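*Asks:* Annotations for this protein, taken from TrEMBL, read as follows:
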- 25-494: domain 'Major facilitator superfamily (MFS) profile' (DOMAIN)
- 28-50: transmembrane segment (TRANSMEM)
- 62-82: transmembrane segment (TRANSMEM)
- 94-111: transmembrane segment (TRANSMEM)
- 123-143: transmembrane segment (TRANSMEM)
- 164-181: transmembrane segment (TRANSMEM)
- 201-219: transmembrane segment (TRANSMEM)
- 254-273: transmembrane segment (TRANSMEM)
- 293-314: transmembrane segment (TRANSMEM)
- 326-345: transmembrane segment (TRANSMEM)
- 406-428: transmembrane segment (TRANSMEM)
- 440-464: transmembrane segment (TRANSMEM)
- 470-490: transmembrane segment (TRANSMEM)
Amino acid sequence: MLEDTSLREWDIIETEEHYKSRWISIRILYLTMFFSSVGFSIVIMSIWPYLQKIDQTADASFLGWVIASFSLGQMVASPVFGLWSNYRPRKEPLIVSIFISVMANCLYAYIHVPASHNKYYMLVARGLVGFGAGNVAVVRSYIAGATSLQERISSMANTSACQALGFILGPVFQTCFALIGEKGVTWDAIKLQINMYTAPVLLGAFLGVLNIILILTLLREHRVDDSGRQCKNVNFEEASTDEVQFPQGNIDQVAVLATNVLFFVVLFIFALFETIVTPLTMDMYAWTRKQAVLYDGIILAALGVEAILIFMGVKLLSKKIGERAILLGGLIVVWVGFFILLPWGNQFPKIQWEELHNNSIPNTTFGEIIITLWKSPREDHNEGPTGCPIEQAWCFYTPMIHLAQFLTAAMLIGVGYPSCNVTSYTLYSKVLGPKPQGVYMGWLTASGSAARILGPVFISQVYTSWGPRWAFSLVCGIVVLTIMLLGVVYRRLVPFSVRHGRIQE
C-alpha cells in the first residue's frame with residue numbers, strides 16, 4: 001500500500017476525459033508490442049531451415065550471427081529513439097521505427113533473388129527489423145511516465161503479456177504457413193515467392209502498416225506522477241516540455257547499473273535458449289527442417305501461453321511479496337531448468353549417416369559405423385540428412401537430451417524468464433522515478449539487445465564446438481553469479497519516491 005506524504009504544485013487532478021485518453025493510448029502501445037513481437041517471432045523457427053535452403057555455405061555458427069543481427073540493430077536504435085522521445089512527440093520515433101521494420105520484412109521476402117551471398121542479405125534484413133524494434137524503449141518510457149507506482153506493475157505485465165501473445169501467435173502463424181510448403185507459388189511479375197518462409201514476413205509487414213494507422217489516429221501524449229496525478233503540459237503537441245517541473249533528487253546510479261546487468265542476463269539466457277532450440281532438436285531427435293519448424297513452433301507457442309499466465313500471476317503476487325522477491329525466485333527457477341537440461345545417460349544421438357564417406361571418425365570403430373548405418377532410416381533426400389552432424393565431434397561421446405528432459409527444462413525456463421523479465425524493467429522504471437525516462441529506457445533496451453547479440457553467438461559457438469554439456473553448464477554458472485549480484489543490490493532496488501521519502505511503501 002502506498003501513501004502520499006507530500007503535495008506538489010506541479011500536479012493537477014486528472015479528469016475523466018484525460019483518464020480515458022490515457023488508457024486508450026496505453027492500450028494502443030499494448031498493440032504495438034503485440035504486432036512487433038508477431039513480426040519478429042513469426043519467422044524465428046524458420047530462419048535456420050530457410051538459411052540452409054537458400055545458401056549452402058551457412059552453418060550453425062552463422063545462424064547465431066543472423067539472430068544476433070536483430071539485436072544489434074535494436075541496441076543501436078534504442079538510445080536514439082529514447083532520446084528522440086524525450087524531446088519530440090513519441091508518435092514520431094514510433095512511426096519511423098515501424099516503417100523501417102515493414103521495409104525490412106519486404107527485403108526478407110526477396111533474399112532468394114540474388115545469385116549468391118544470400119545469407120548476408122538475410123543478415124541485413126534481420127538487422128533492420130531489429131533497428132525498427134528499438135521502439136521498445138519508447139513504449140516502456142511512455143508507460144512508465146503515464147502510470148502511477150500502483151499501476152506500473154500491472155501495465156508492464158500487460159505489455160509483456162501482449163509481447164508473449166505475439167510470440168505465441170508468431171510460431172502458430174509460421175506453423176500454419178508451413179502448409180504452403182517450401183515451393184509455394186511465385187509471382188513472376190515482381191519476382192516474389194510466397195512460400196512457408198516468405199508468407200510470414202509479408203503478414204508481419206501488413207501488421208506494421210496497421211500499427212502505423214492506429215498510432216496516427218489514437219495515440220496521445222500523457223504523463224502522471226508516482227501517485228497517479230496528472231502533470232501539467234503533458235502533451236508535446238500543445239506545449240513545450242521545458243515548462244514541466246519534476247521533483248528534485250538524485251537517481252541511484254548503482255541500482256540503475258545493477259538493473260541493467262540483471263536485465264542483460266535475463267535476455268541473454270532466453271536469447272540463447274530460443275536460438276538453440278531448432279539446432280538442438282534437429283541434432284538430438286533427427287527432425288527434418290519441416291518437422292523442426294512445426295514441432296518447435298508448437299513448443300514455443302506453448303511457452304508463450306505459459307508466459308501469459310505467469311504475467312497475470314506476477315501482477316497479483318507482486319502486491320504480496322514485491323517485485324524483488326519474484327525476480328530472485330525467477331532466477332532460481334531458470335537455474336533449475338538449465339541444470340535439468342544437462343545431458344546424462346548412455347544413449348547417444350543419431351549421426352547423419354549420409355555424411356559418412358570415410359572411416360576417419362573420432363572415437364568410433366568400424367563396427368559402430370556399420371551399426372549406425374544399419375539403424376538409420378532412409379530420410380527424404382529432398383530434406384537432406386537428419387541427425388547430429390559428424391562435423392560436431394561431441395555427437396559421438398555426449399549423451400542425448402531426452403525429449404521429456406528437454407520439455408521439462410523448457411517449461412521451467414518458461415516460468416522463470418517472464419517472471420524475471422517483467423519485474424526487472426518494472427523495478428528499473430520505479431528506480432528512475434517520474435522524470436522522462438526515454439534515454440534510460442533506451443539504455444535498458446540496448447542492454448537487452450546486447451544480450452540478444454551475445455546470447456546467440458555464445459550458444460552457437462559453444463554448442464557447435466563443445467556440445468550441450470559445456471554450453472548449459474556455463475549458463476548455470478552465469479545464473480549463479482547473477483543471483484549473487486541481486487543479493488548484493490537487493491536493498492537498493494526501491495522506487496525513486498520511496499528513496500526520497502515522498503511516498504511510503
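Sequential numbering from 1, following the chain as shown.
Each Cβ is built from the backbone N, Cα and C atoms, and glycine gets one as well.
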*Asks:* Determine which residues of the chain contact the transmembrane segment (254-273) at the Cβ level, with the cut-off under 8 Å and only residues 6 or more beyond its ends counted.
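*Replies:* 67, 71, 327, 334, 338, 410, 413, 417, 420-421, 424-425, 427-428, 431-432, 440, 443-444, 447-452, 454-456, 458-459, 475, 478-479, 482, 485-486, 488-489, 492-494.
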*Asks:* Do the transmembrane segment (62-82) and the transmembrane segment (201-219) share at least 3 Cβ pairs under 8 Å, sequence separation 6 or more?
*Replies:* no
*Asks:* With pairs restricted to those 6 or more apart in sequence, evaluate whether the transmembrane segment (164-181) and the transmembrane segment (28-50) have 3+ C-beta pairs under 8 Å.
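*Replies:* Yes, since the transmembrane segment (164-181) and the transmembrane segment (28-50) share at least 3 Cβ pairs closer than 8 Å, they count as touching.
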*Asks:* Do any residues, 6 or more residues outside the transmembrane segment (293-314), come within under 8 Å Cβ-to-Cβ of it, and if so which ones?
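*Replies:* Counting only partners 6 or more residues beyond its ends, the transmembrane segment (293-314) has Cβ contacts under 8 Å with 41, 44-46, 49, 153, 157-158, 160-161, 164-165, 167-169, 171-172, 174-175, 178, 196, 274, 277-278, 281, 287, 326, 407, 410-411, 413-415, 417-419, 422-423.
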*Asks:* Report yes or no: does the transmembrane segment (28-50) come within contact of the transmembrane segment (326-345), defined as 3 or more CB pairs under 8 Å with a sequence separation of 6 or more?
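*Replies:* Not in contact, no.
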*Asks:* Please report, as numbers and ranges, the same-chain residues at least 6 past the borders of the transmembrane segment (406-428) whose CB is under 8 Å from any CB of it.
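*Replies:* Same-chain contacts beyond the flanks: 140, 152-153, 156-157, 159-160, 164, 256, 259-260, 262-263, 266-267, 269-270, 273, 277, 280-281, 284, 299, 302-303, 306-307, 310-311, 314, 318, 323-324, 326-327, 329-338, 340-341, 440-441, 444, 493.
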*Asks:* In the same chain, who gets a Cβ under 8 Å from the transmembrane segment (123-143) while lying at least 6 residues past its ends?
*Replies:* 25-26, 29, 32-33, 36, 39-40, 47, 65-67, 69-82, 84-86, 90, 93-94, 97-105, 107-108, 111, 152, 155-156, 159, 425, 429, 436-438, 440-442, 444-446, 449
